[in-house]
Amino acid sequence: MGSKETKNTSRRDFLIKGAGAAALGAGAFAISQVPLLEKLASANEDTVKDLLPFPELIESDEIIIRMQNDVRRALKKPLNEIQWIMVIDLKKCVGCSSCTVACVSENVLPPGVVYRPVIEEEIGTFPNVTKKFTPRPCMQCEHPPCTKVCPIGATYKSEDGIVAIDYDKCIGCRYCITACPYGARTFDWGEYHTENTPEIMQYEKEPNYEYGVERVREKKNSPIGNARKCHFCKHRLHKGMLSMCVTTCIGRATYIGDKNDPESLVAELIASPRVMRLKEELGTEPNVYYLT
């Protein structure tokens, strides 16, 4: 019995003294944890109870919930009164490419088809060198050059401002790919990631739901043989969900919402003096804004 009491006492002293040492380095934060450490110290060896609760929400969660509410509020309006825009904070982007990977997964993208690459640049002169990361989705231009060159109108600007592709009409001429000044369009050549293995893996046979249509990639069927591009996950937005790249961004650098809603987070962000758009001099009026 005496041995157990000695063990618990030494454990208590160790934890509380450790908190005191940490307080010297971490200030008020460490001091605020002393009550928690006292509870830990007095707990049984095998059972820890009555811990202080975590906060219900952290800041990044609040941002996600706010955008979710913005999207659902926008959907109460007619589509032609919505203007979907994306805002990307370059100071928060860490170049992890989680948005790129999530987009590939959401849209079941094949090799060579990337809707949201992250462009990496090296800035400065050695040894004062840093890296800059720029996610580059489709700009959903207000005046898109791609729609003007399509000979059959397969690519068009939809009511909510998103530039879309009708896979059933697209003939694969690739004029739109050449016309895009942002390099935001790619072509589906019908390849598979697991093409040179004994069989195509099941995950590549899963359907995607681009533009609200369920499709399975199969030879000789769309979207194989079509131009393809980012569409802000239009199929998710119209169901009240956020774009996949927005929800998976580790740095919370990507935002989406209705530009026409003055209460939306994106409307607030684009009022910042830090805002810029790519190649504005071309007159395309891109609907992707960057915070520098």
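Glycine too: its Cβ is placed from the backbone N, Cα and C atoms.
Sequence annotations record features per position, and here Swiss-Prot assigns [4Fe-4S] cluster 1 binding site to CYS93, CYS96, CYS99, CYS249 based on similarity to another entry. For the recorded site, CYS99 ([4Fe-4S] cluster 1 binding site), the DSSP three-state label reads helix.
Positions annotated as [4Fe-4S] cluster 2 binding site by Swiss-Prot: CYS103, CYS230, CYS233, CYS245. Annotation for CYS103 ([4Fe-4S] cluster 2 binding site): spatial neighbours LEU109, VAL114, TYR115, ARG116, CYS230, MET244, CYS245, criterion Cβ-Cβ under 8 Å with sequence separation of six or more.
For CYS138, CYS141, CYS146, CYS180, the entry in Swiss-Prot reads [4Fe-4S] cluster 3 binding site. Around the Cβ of CYS146 ([4Fe-4S] cluster 3 binding site), the number of neighbouring Cβ atoms within 10 Å comes to 26. Mapped onto three states, the DSSP output places CYS146 ([4Fe-4S] cluster 3 binding site) in helix.
Residues or ranges marked as [4Fe-4S] cluster 4 binding site in Swiss-Prot (evidence: similarity to another entry): CYS150, CYS170, CYS173, CYS176.
The domain '4Fe-4S ferredoxin-type 1' annotation in Swiss-Prot covers 84-113.
According to Swiss-Prot, the feature domain '4Fe-4S ferredoxin-type 2' maps to 129-160.
For the domain '4Fe-4S ferredoxin-type 3' (161-190), the list of distant contacts is 82-85, 110, 112-115, 136-142, 144-155, 210-211, 213, 215, 217, 219, 222-232, 234, 278-279, 282, 284, 286-287: same-chain residues at least six beyond its ends, Cβ to Cβ under 8 Å. The domain '4Fe-4S ferredoxin-type 3' feature in Swiss-Prot is assigned to 161-190; the stated evidence is sequence analysis.
Around the Cβ of CYS233 ([4Fe-4S] cluster 2 binding site), 26 further Cβ atoms fall within 10 Å across all displayed protein chains. Same-chain residues lying 6+ beyond the ends of the domain '4Fe-4S ferredoxin-type 2' (129-160) with a Cβ under 8 Å from its Cβ atoms: 78-80, 82-86, 88, 90, 93-95, 99-100, 115-123, 166-167, 169-171, 173, 175-176, 178-185, 227, 229-232, 234, 237, 245, 253-254, 277-278, 282-288, 290. Counting residue by residue with DSSP, the domain '4Fe-4S ferredoxin-type 3' (161-190) contains 5 helix, 6 strand, 19 coil.
Following the DSSP three-state reduction, the secondary structure of CYS245 ([4Fe-4S] cluster 2 binding site) is helix.
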